[in-house]
């Protein structure tokens, strides 16, 4: 019971050490990833992992919950206060679990769901045919304008009037612009639908006022706690009080059994951090970094190489890069950036002719680098490196760029001394 991981399971300890090294010495630019603070790591690696706590605070199906009840109430209160919501459920294990609970609370199987098409930036849980949301419900989709790559609210309204959904979704996985929540609310009211907003990607920006809040407009809002919010991987549901009972029942017993109390403790810590001036500064640098990247990738030398930015820029923490007119496909560009030490993910772009495992685009995000402390100068340097890779292709000096990336990463150390604490048991 007291032996450290390195002694009990050296194979896993070695792999954890290697992953720590990878995170330290590369530049993480996957838009859905971030680095949690050590305080969150400590909470999620705590003795709370031992406790079963089915039910809600004060109404558990297990004894011995007097302390975890307080933990969960703190997390719920912090979530409500941070986002100005009537109620919060902090039990979902993930964003997908949160989304499933929302749909089960608001709809019955066979009813109609309208969301952003996956090929235009939507999420799997917004009605993709192979996902539970596409199997249980009749799904319809709206897309983006073929020229501007923006969501046309007149087109959304027309589709909603035609399709008459029970639930209208506003949210995305790869869309670089702010959504018009008031317009979505108006359309939902016109067709008699409930409005669900999935703010998983931009919740951190909402928390500090850098992005409009969907909470005043939506019936229910779901989010992850990682991504821009910077906590551990998990989900969260907010909304109007009238939906609290249905949401709570859809989470437990509808979707899950016992909540992960160690993860809920980590959520509570992350939600407290989100109220600090340091967190606001981080979100400001996240947004500034994305705009620096978008500006660099719309410069003449980059566009001459056939690279473009979807919608021409960004309002959020990510840039969606279109490579259809360049020598690259998404997989090849991802692989070459990986060689120089920058981690991104290939992503479909609107009207993408390539299959999803290849794609014609990249989704590049700035939250993790902002968390490390990157500012304008560093984001400018990173943007130049990415531009060099995408414009020079096979002739790029990988070794030189890798050295530059390693220097940048080591200028902003990550988790100093963590291997001693996490692997050796100190």
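Glycine is treated like the rest: Cβ placed from N, Cα and C.
Annotation comment: Swiss-Prot describes 118, 122, 123, 124 as (6S)-5,6,7,8-tetrahydrofolate binding site. Taken from Swiss-Prot, the feature site 'Plays an important role in substrate specificity' covers 226. Annotation comment: Swiss-Prot describes 227 as N6-(pyridoxal phosphate)lysine.
Within 8 A of the CB centroid of the (6S)-5,6,7,8-tetrahydrofolate site residues 118, 122, 123, 124, the other residues of that chain are 115, 116, 117, 121, 125, 126, 127, 128, 131, 173. Within 10 Å of the C-beta of residue 118 ((6S)-5,6,7,8-tetrahydrofolate binding site) there are 23 other C-beta atoms, taking all protein chains into account. On its own chain, the residue listed as 'N6-(pyridoxal phosphate)lysine' has 31, 32, 33, 34, 200, 201, 203, 204, 317, 367 as residues at least 6 apart in sequence with a Cβ closer than 8 Å to its own Cβ.
Every protein chain considered, the tally of other Cβ atoms within 10 Å of the Cβ of residue 122 ((6S)-5,6,7,8-tetrahydrofolate binding site) stands at 23. Around residue 226 (site 'Plays an important role in substrate specificity'), a 10 Å sphere centred on its CB holds 25 further CB atoms from the protein chains shown.
Within its own chain, residue 124 ((6S)-5,6,7,8-tetrahydrofolate binding site) has 96, 118, 130, 131, 133, 173 as residues 6 or more apart in sequence whose C-beta sits under 8 angstroms from its own. For residue 123 ((6S)-5,6,7,8-tetrahydrofolate binding site), the number of other Cβ atoms no farther than 10 Å from its own Cβ, over all displayed protein chains, is 23.
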